[in-house]
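Participant: My questions will all concern the structure given below.
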Amino acid sequence: MRDPLTDCSYNKVYKNLKEFSQNGEDFCKQITSILQQRANLEINYAKGLQKLATKLSKTLQSAKKNCLVSAWAWVSEGMKSAGDLHQKLGKAIELEAIKPAHQVLSAHEKKRKSLENEVEKTANLVISNWNQQIKAKKKLMVSTKKHEALFHLVESSKQITTEKEKQKLLNKLKKSTEKLSKEDENYYQKNVASCSTRLKWENTLENCFQSILELEKERIQLLCNNLNQYSQHISVFGQTLTTCHTQIHCAISKIDIEKDIQALMEETTVSSTENKSEFLLTDYFEEDPKNAMSKERQTSSIKSKLLRLQKDIEKASRDQEGLERMLRAYSSHSSFSDSESKKSTAALMDENSLKLDLLQANSYKLSSVLAELEQRPQPNHPCSNSIFKWKEKQTHSSVKISRPVLMKRLENVVNRASSDGQRIPSPSSTASGVTQLGNGLCKALYPFQARQDDELDLEKGDIVTIHKKKDEGWWFGSLKGKKGHFPAAYVEELPLNAGDTASQA
């Protein structure tokens, strides 16, 4: 059975981060285990030194007091002091490094299990909806074939049956029509419901991605803190451990926590240029050119389905316009809106836009069949190159809809580090995945509500100056004096001479 989740960009990034996180957890556990062994060695060594110091002290008590005995007494005191020092080091490692590490690892494990269960739950909903659609389609196809056979039986029996038998057949046909209508509606509703199910799964992946990312940052910070504590306690050993400590301190002084976080972000950044979500399209018996239906009945049935789609498309378009107006109102009058309202409205608009694309793809597919039946030219639609067919006992159709990937990017961390006063080298203009531009322009096709501090708010028709194009589907530019990121899928790039026209205007 085809897996609808395998090729999803969100899923790939989430799995890569999970693997990275697991490696980090294993590393942290190994470091903690080694520290525990070191603490045990220090405590056991301290006990041994203290026993020897006590034994030497008792020996000296029975000896005659002289300079030699006094010197050995200092040796005994030195052993006691060294024992205390090693014991304090062992206890400090246990208290300040091992205990916090166990607490963090335990909390992380519980959190990760909860996140993984949430992702698995929503993924199962997507797969269940996918399978339910195929099941409902199979059931609808069988019922349609039976209905057509009954219809032909009624048509062929008009002249040779009595009124009573004819009425009986008509009653059967009526029941069959009602049953067929219910199954058709059930199949259609499952297809439409796939939008919200898919979005819920992708939003869960995005939220879990951010949560695991925060856990990784916390783990990196923990290891850095442990190293600093270790360095402080080793340094009190005195001059005899200076050489060893210098090497450790030199290594610790080279630690750059922001560099580690930057490496983490680079490992987990979205590598695909766009995110494509695949949805099943409705496939009806009437679309099969080899079916037994007459062209008139095929045409009539397809037109009724197109009418239903058109009504839903018009409703979705009105909803989209309403949501756009709402977002514009939020931007213009910030006093009666908050970030959660804006985020919720933007999410609704994203879902509605996706639903509209699916409805239009279904409408285009049926319109193409209708045009072929009526011997008219085939209609044109942007999604025509994104519709695919494959066979698994039956022929299935699906569409891949392009959408921007909204996960947090590496620049967020770079900007945050810069604001803290730490300079992070900027990537070269020829680095992989980045295109440096002069003053290229693009025009906003749809409104976009910023979800992060480093993103731009877009209104339909805005002209944005492009500074950089990133491979993960986000561009960097400026609008009305503000610089930030925006999704490339929401804009169209203008020709180079448009810059002169815009500047003259």
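Any Cβ shown, glycine's included, is placed from N, Cα and C.
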Participant: Match it up for me: which of 295-332, 447-484 does Swiss-Prot list as coiled coil?
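Facilitator: Going through 295-332, 447-484 one by one, Swiss-Prot flags 295-332 as coiled coil.
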Participant: May I ask you to indicate which of 17-44, 101-128, 129-156 is given in Swiss-Prot as coiled coil?
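Facilitator: Comparing 17-44, 101-128, 129-156 with Swiss-Prot, coiled coil matches 101-128.
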Participant: Cα-Cα separation of SER114 (phosphoserine) and SER478 (phosphoserine), in Å?
Facilitator: 40
Participant: So, by DSSP, how many helix, strand and coil residues make up the domain 'REM-1' (292-372)?
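Facilitator: Breakdown, helix to coil: 75 helix, 0 strand, 6 coil.
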Participant: Which whole-number mean pLDDT does the model give the domain 'F-BAR' (1-260)?
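Facilitator: 83, rounded to a whole number.
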Participant: Could you check what DSSP calls SER114 (phosphoserine) once collapsed to helix, strand or coil?
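Facilitator: In three-state terms, SER114 (phosphoserine) counts as helix.
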